[in-house]
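As recorded in TrEMBL, the features of this protein are as follows:
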type     : residues   : note
ACT_SITE : K33        : active site, proton acceptor
ACT_SITE : Y242       : active site, proton acceptor
BINDING  : R128, M290 : substrate binding site
DOMAIN   : 221-344    : domain 'Alanine racemase C-terminal'
MOD_RES  : K33        : N6-(pyridoxal phosphate)lysine
Amino acid sequence: MSTGHLTIDLNAIAENWRTLDAMTAADTAAVVKADCYGLGVEPITRALARAGARRFFVAAAEEGAAVRAALGPGPMIGVFSGHMAGDSTLIRNNDLTPMLNSVDQVLRHFESLPQQSFGLQLDTGMNRLGMEPAEWAALREPVLQQMPAMIMSHLACADEPDHFMNAKQLRSFREMTEGLDIPCSLSATGGILLGSDYHFDVVRPGIGLYGARPYEAGRPAVTLELPVIQTREVQPGETVGYGNTWTAQRPARIATVSAGYADGLFRALASTLGLWHGDTRCPIAGRISMDLISVDITALGDEAPDYLTMLGAHQGVDDLGDAAGTIGYEILTSLGARYSRSYQS
Ligand SMILES: *Cc1c(COP(=O)(O)O)cnc(C)c1O
């Protein structure tokens, strides 16, 4: 087998959900958009449901249908993009709960699916999704008569605990939801860590389920091993890879492993990242190609490893994010479709 192998630890994901749940008196949902951050909606949503999650959130109605197929009837499945034109059948057939974002969406929902549960998304300053305070003030009474299942907003800067925006959005959310007897939700992973003022009735962790920043106390859930296709000796002065960007300064051994930027291992990783064999770090040599990475394994001596570890005990998704100038979220959701996958439980 020449593809890399991704191992997803369902126990770690379930444990992370439980430890986040233990930090709050609120009901803990699970955000499972983008195929559970690229890791596989069916096994992960089932593991989360077994751990106790009863509310799930996705970005689009199509994703909600996949979650419903995995979980069957019962759990609430909220859709952040709300009720988009053309989605009524999907919403009804899969019993989804769209988080309505605008006057247009409210009208569409009440006209096409008056009996179907819905929530509301309010904008508290991020200016991305949700109704503005003035729109909400105008719609509030008629909408409340239809009994929304939830009212939510989203924090823009929750990963920076000292950012003034957190308190500002908290104040705005409180003003817009004051006196309502409807479940309210403001916080994703970062907001949970800000403390109980931010928790309200429902919290919505996503990235924290995988033990990535900002939930650094969580257990990492992903291992990625790349098979070695070939090893070779190079002499001082010989170059490796596209553009001749790496030149041997001494006799070196180079392993060529199977995975590249087409598998979500961005070219920008090459300059600072290593792969691991046990506790030994082996730097990347030269550029990352589409399907291949060259690794300087001189430090391993005569050992001939069958694979090298890209994500594991020594190096997690946030390390790759740092090395590529991005965030762990983007690393996870970029992991390619070519890897073979196994789910540990
Ligand atoms: C993605 C998302 C979440 C989950 O965020 P994390 O930072 O991954 O915990 C929660 N709420 C909304 C509206 C989101 O878009």
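Glycine is treated like the rest: Cβ placed from N, Cα and C.
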Fewest Cβ neighbours within 10 Å, where candidates are the recorded positions K33, R128: R128
Residues satisfying Cβ distance under 8 Å from M290 (substrate binding site), sequence separation of at least 6: G260, Y261, A262
Other CB atoms, at most 10 A from the CB of Y242 (active site, proton acceptor): 13
Distance [Cα-Cα, Å, rounded] between K33 (active site, proton acceptor) and R128 (substrate binding site): 17
Euclidean distance between Cα atoms of Y242 (active site, proton acceptor) and R128 (substrate binding site), Å: 41
Rounded mean pLDDT for the residues that make up the domain 'Alanine racemase C-terminal' (221-344): 97
